[in-house]
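Quick look at what TrEMBL lists:
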- 6-27: transmembrane segment (TRANSMEM)
- 115-133: transmembrane segment (TRANSMEM)
- 140-157: transmembrane segment (TRANSMEM)
- 169-193: transmembrane segment (TRANSMEM)
- 205-223: transmembrane segment (TRANSMEM)
- 243-262: transmembrane segment (TRANSMEM)
- 269-289: transmembrane segment (TRANSMEM)
- 295-313: transmembrane segment (TRANSMEM)
């Protein structure tokens, strides 16, 4: 498979993963349970563990199943170069917090509203790319970012069904506030990780191993701090079902897929490609979850976000370093 083909295949898989991840996560938080509901921090912790284990297996295979070479490579990626190793703690810790924020936001917002609002991470990614990577954006790209903000603002107005049931706006605003924090953290961590990947100090799988290792530590601390009592009483797998397992797998391997995509493109293009998942989330949230009753304003806002996606994507090749 050529590099160009691999790039587009990875982007398509990322769109699919992003859509299913949000929908399954929302479904898992919405579906009734007989016993205690699963602890969201445990999903983040186990996904980091799975990511770390998968990276270990791949690195072992790349060492031709030679234990001596395998341990040499692991040592070289950690204690052998401690300064480079601890650099990865920054994005890893931020991603661990961000992943927990997504569970909180989806407890207050429907899948489509969340998916559209979360595209503000494209704006934060662009800003951090200009500041940290010294990239320049064309006037068309800046214009698409303005339209993106307008579209996201439009979908925040209540739907007809919401007005009839007198929805509590504080819940919606809280969910939006959580998304804004997640967008800021996503933009910074994504650009920082892109910078580390493109320095080519370590291979992609070694970086994923490092991310997973620190991710286990940070996610474990959050799980013990927030839900330690529940985990000790009911176990780390309390409330797990097929939907939760699907969320776990999508989150774990979605992170690996993101790293793969960044290696072939850049973080801004990745962000805009994932926003195509809005279309999928929009229809499936309406057809399957029955928690979305869109108005004309909501639909127009979603369309503006999607159009800004294509507008920016067509000008993506103009993003270059100064």
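Along the chain as shown, residues are numbered 1 onward.
Using N, Cα and C of the backbone, Cβ positions are placed for all residues, glycine too.
Given the structure is predicted, the values throughout are model-derived calculations rather than measurements.
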Among 140-157, 169-193, 295-313, which stretch has the highest count of C-beta pairs below 8 Å with the transmembrane segment (115-133)?
169-193
Should anything in the same chain at least six residues away from the transmembrane segment (169-193) have a Cβ under 8 Å from its Cβ atoms, list it; otherwise answer none.
88, 90-91, 94-95, 97-98, 101-102, 104-109, 114, 117-118, 120-121, 123-129, 132-133, 156, 158, 207, 211, 259, 262, 267, 270-271
Same chain only, please: residues at least 6 beyond the ends of the transmembrane segment (205-223) with a C-beta under 8 Å from a C-beta of the stretch. Say none if there are none.
39, 41-42, 44-45, 47-49, 51-56, 58-59, 62, 73-74, 77-78, 85, 88-89, 91-93, 95-97, 99-100, 193, 196-197, 231, 236, 255-256, 259
